[in-house]
Amino acid sequence: MDNQAFAAMDAKKKGSGPYFTNSSRTSIVSSSRDSNDSRREKHHNPQGLHWIITGLFVVGDMAGGGLVALPTAVIQSQFWPGIIITFLMCAVAGYTAYALGECWVMMQNRWPEYREHCRKPYAEMGFRSMGTKIKNIVSVCINVNQFGTAVVYLLLSSKNIHDSIKAFSSGFNFDFCIVVLILATCLLPITFLKSPQDFWWAVVLAMITTTVAVILICIGGGFDYQYCHQHKEMPDFHITQYFLALGTFLFSYGGHAAFPTIQHDMKKPHEFRKSVMLAFIILQALYLPVGIIGYMTYGDSLRESVINAIQTVWIQQAINILITVHCILTLTIVFNPLNQEVEEIFNVPTISQSSASSSAPE
């Protein structure tokens, strides 16, 4: 009797489930030997993102569009309920991000083929959990989510550019649709980058622009407080307002669709839990001041964005530019899973992660 037969009998005696002599992706269940190995060691990539840079990636993926709309959601849901919801959403989104990261670590330990470059990590988790049908459903959901998010960021960036052109050109009204087309054309080459570790610099820059934008929003709101606070009104309570606000809160703390793709490019994927903790602390530190300033200063006069409510023109336009830069850079993250999906469909060859070179800080 050969070694494989002995191994199969041993696995059966231990009650560890089916034993497979290979780890091909057609098998949903891992071998007992791989499972035991996964308990002893954690996978490291030869090159990849540091957990701090990964945390900035997560913040960059979520902040931006939600940042300017969050004050409106706080007002729609009333102040204290709105603040409580922000903490609740932060906790829920943070835990689900942590759980998602642990799932991918488990996948890499049990199925070694996932340690190489994987274009659809989220869909592969669905496949290992419940088979091919769920893999396809997950893939469709992720693509729809990412495409919708990309459309929001593209329209928001185009609107900000359009408003800035109008403000700096003494009222010249450049056609908004043309701005959308020009911006989309300019962004197209950037979306061709292979994976997150190839554009880590964009996320660092996005974090800087977002932080400066938050500071300017607080400064602008502080300047406007003495003039706008006395005219502030609050909307009447309606249960439908909570549902409108909930959509904004969900968008502000969303972005999980790209998390496995980002985690896969880490040097130590098992440290994603640290990245999640750092990211949601930073995110809450960015969101809370903006939500409080918007409520205390402007009240019900806020509409879809806090930027338009700021009365100091140079601060308003500076924030416009900073948020636009952030959204444009974030589009590289949002589009990446979509592009990798297309590459998978057309069987575009890839370079293994072990042999790929990267300039990302480790």
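Heads up, the Cβ atoms here are built off N, Cα and C, so glycines get one too.
Under the heading region 'Disordered', TrEMBL lists 7-44.
If you look up TrEMBL, you'll see 21-33 marked as compositional bias 'Low complexity'.
Here the transmembrane segment (49-73) has Cβ contacts under 8 Å with residues 82, 86, 97, 152-153, 156, 196-197, 200, 202-204, 206-207, 210, 213-214, 244-246, 248-249, 251-255, 258-259, 262-263, 265-268, 271-272, 274-280, 282-283, 286-287, 290-291, 293-295, 298, 302-307, 323, 326-327, 329-330, 333-334, 360-362 of the same chain, all six or more residues outside its ends. According to TrEMBL, the transmembrane segment annotation covers 49-73 (among others).
Residues or ranges marked as domain 'Amino acid transporter transmembrane' in TrEMBL: 50-348.
Same-chain residues lying 6 or more positions outside the transmembrane segment (79-100) and placing a CB less than 8 Å from one of its CB atoms are 58, 70, 73, 242, 245-246, 249-250, 252-254, 256, 259-260, 272-273, 276-277, 279-280, 283-284, 287-288, 291-292, 295. Under the heading transmembrane segment, TrEMBL lists 79-100 (among others).
Annotation source TrEMBL lists transmembrane segment at 137-156 (among others).
If one looks beyond the transmembrane segment (168-192) by at least 6 residues along the same chain, the residues whose Cβ comes under 8 Å of a Cβ in the stretch are 154-155, 157-159, 161-162, 199, 202, 317, 328, 331-332, 335-336, 339. The transmembrane segment feature in TrEMBL is assigned to 168-192 (among others).
As annotated by TrEMBL, transmembrane segment applies to 199-223 (among others).
The transmembrane segment feature in TrEMBL is assigned to 243-263 (among others).
According to TrEMBL, the transmembrane segment annotation covers 275-298 (among others).
Positions annotated as transmembrane segment by TrEMBL: 318-338 (among others).
The listed stretches are 137-156, 199-223, 243-263, 318-338; of these, 199-223 has the most Cβ pairs under 8 Å to the transmembrane segment (275-298). Below 8 angstroms of C-beta separation, residues 64-65, 68, 120, 122-123, 125-126, 180, 183-184, 187, 251, 254-255, 257-258, 323-324, 327-328, 330-331, 334-335, 337-338, 341 of the same chain, each at least six residues beyond the ends of the transmembrane segment (137-156), sit close to that stretch.
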